[in-house]
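Contents: one structure, followed by commentary.
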Ligand SMILES: O=C(O)COP(=O)(O)O
Ligand SMILES: [Mg+2]
């Protein structure tokens with residue numbers, strides 16, 4: 001059972017935005033510049049969610065866990081950053097129902113914030129280019145604070161900004177990091193079924209609810225206590 005929150009914080013990659021087409025394009029362009037084999041979108045999809053630095057490390061070793069050679073990473077990371085700065089929103093799109101869902105939440109008077117592990121220099125242009133930046137009174141990016149999700153600090157930072165208690169707060173996300181951060185912060189957590197969760201079903205992380213489109217949040221909130 002969901003309790004009606006005063007504030008809702010929403011994740012970016014895999015929740016608002018299907019950003020993998022740009023991220024995978026940049027990963028493969030970087031791999032090509034390094035004379036290494038390309039990975040393609042399906043693999044990159046499983047590596048998104050812990051920030052671009054971690055994504056580059058995963059691409060260099062071709063798997064989720066582990067560390068690349070330090071010198072190779074030092075060469076690769078600036079290449080990726082330059083590519084992604086030019087390709088933040090060229091191929092990325094809002095998921096179906098996102099704009100309608102945000103319009104509903106805004107009209108219903110919820111305090112809205114955005115909490116992502118994406119670095120601020122990419123989050124802000126991406127949300128602006130897709131026309132959704134203005135829904136959010138605060139955007140907490142992966143490098144806004146020393147800690148990022150699954151740490152609860154970015155969520156608590158936004159709650160403090162709005163002067164809202166965690167017990168009156170909800171996070172909407174797509175990955176186990178969103179669930180862990182929400183549980184640690186004392187927030188409710190609703191997850192999207194379609195997002196990126198390293199290839200695992202998000203239901204296994206036991207969020208409070210799972211929805212197939214942001215428009216479905218209306219039904220959840222209108223039934224809430
Ligand atoms: O991996 C990233 O860059 C960001 O992922 P998030 O928006 O799902 O937190
Ligand atoms: Mg996400």
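Each Cβ is built from the backbone N, Cα and C atoms, and glycine gets one as well.
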For the Mg(2+) site that TrEMBL lists with 11, 13, give the additional residue from the candidates 143, 151, 174, 201. 174
With an 8 Å cut-off on Cβ-Cβ distance and a minimum sequence separation of at least 6, pull the same-chain contacts of residue 174 (Mg(2+) binding site), or say none. 11, 13, 14, 15, 49, 191, 192, 194, 195, 196, 197, 202
Within 8 Å of the Cβ centroid of the Mg(2+) site residues 11, 13, 174, which other residues of the same chain have their Cβ? 12, 14, 15, 16, 17, 49, 116, 173, 175, 178, 192, 195, 196
Three-state secondary structure, which DSSP defines for residue 13 (Mg(2+) binding site): strand
